[in-house]
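To start, the structure under review is shown below, and the notes come after it.
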Amino acid sequence: MLRFYLFISLLCLSRSDAEETCPSFTRLSFHSAVVGTGLNVRLMLYTRKNLTCAQTINSSAFGNLNVTKKTTFIVHGFRPTGSPPVWMDDLVKGLLSVEDMNVVVVDWNRGATTLIYTHASSKTRKVAMVLKEFIDQMLAEGASLDDIYMIGVSLGAHISGFVGEMYDGWLGRITGLDPAGPLFNGKPHQDRLDPSDAQFVDVIHSDTDALGYKEPLGNIDFYPNGGLDQPGCPKTILGGFQYFKCDHQRSVYLYLSSLRESCTITAYPCDSYQDYRNGKCVSCGTSQKESCPLLGYYADNWKDHLRGKDPPMTKAFFDTAEESPFCMYHYFVDIITWNKNVRRGDITIKLRDKAGNTTESKINHEPTTFQKYHQVSLLARFNQDLDKVAAISLMFSTGSLIGPRYKLRILRMKLRSLAHPERPQLCRYDLVLMENVETVFQPILCPELQL
């Protein structure tokens, strides 16, 4: 029995030592959210030397922080349940996997945990002041503002903006992940995240009709799926708590996908989501000279391109799949018809490679009008990227349940990849599509010169 008690004592001591050695993000109970919490900001440092074991740091104790390297601050937002952000560990590890840097998790869970949103939002400037004091000390030790990068989620995006404002916009970069909308919509630039808060500000808007901010806030603002309902998220309250937070959190998971090598999400500068869906805004992907902006960590590769704009701001749109890694692969389908009468309808296109892999895109955001000898360019999105397309199938539908079945006579169809403009363009001539009947054919290389 004595041996058992000694074992339990040693186990408790080892757990206590582990907790002291490796501090973790503050975990609070739902009771804390009910009664509210006072503000306490903790800074936890991760580097490649301590990837899984954080160091608590402050203005007088830097730990492993190397001021000559980039320092990325991760600032979370409102925490109505008191639990740690489920994505935090993945974000820390993802950042350190792509670059040798300092990653500082800004834990203000004591302050953000409350059922009353206004209580949390009222503390954002105080959090920003704590961060400024720490960065001031970093600068005194030889750090450069050029190397300061802040990633702010929801309320954390505005906190990052407040920090940047206190340095007159000389922070290297701020990324806002679905910046909070409530209490910030319509506010003047000094009371929210703004393009002038850093040398480069990129923003992902994923929940503009609820918890997020709709209007542009950065040098480049990304709107996945138009910034509204995200694929794979619950559409009704029957989805439980995910119904409220899934769209809002999607911005974080989209950013995470940019840290992985599985695929790269490309966006298309455009005035509106509808124009993008109609294929009017994909010129950046038609040549290797003018690349499209990339979502997430590598978005700043487009910084020099934006400097040529006045003002240096743009909106970019793209569609995603329902699950990680969320990538969609874009193609232009150019169709010239020779029907005597005008036809209106939808086109469904399938691609198949030599291995038998298939991928499908139904281009049905709005019916397309086909006129004789007029070229129509359709933007098709696929879940898979098939390198060598061996077969293509097309199906035309007017959507009518009654009346005659029409034919769509195609003089020429051309398929070109936007993700890989260097790939050969594929063509087919003299096709007749019977309504609601799938027509399969083998494409040939287009004789035209490549763009």
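The backbone N, Cα and C atoms fix where each Cβ goes, and this holds for glycine too.
Take the candidates C270, C292; Swiss-Prot pairs C281 in a disulfide bond with C270. For the annotation N-linked glycosylation site, the record in Swiss-Prot points to N66 among the listed residues N58, N66. In space, H248 is the closest of the recorded positions N50, H248, C281, C292, C446 to C233 (disulfide bond), judged by Cα positions. The Cα atom of C292 (disulfide bond) lies nearest to that of D178, taking the active-site residues S154, D178, H248 as the candidates. Comparing C-alpha positions, N50 (N-linked glycosylation site) sits nearest to C246 among the disulfide-bonded residues C246, C284, C427, C446. Cα to Cα, H248 (active site, charge relay system) and C281 (disulfide bond) are separated by 26 Å. Put simply, C284 (disulfide bond) is 38 Å from N66 (N-linked glycosylation site) when counted between their Cα atoms. Listed in sequence order, the recorded positions from S154, C284, N357, C446 having a Cα within 10 Å of the Cα of D178 (active site, charge relay system) are S154.
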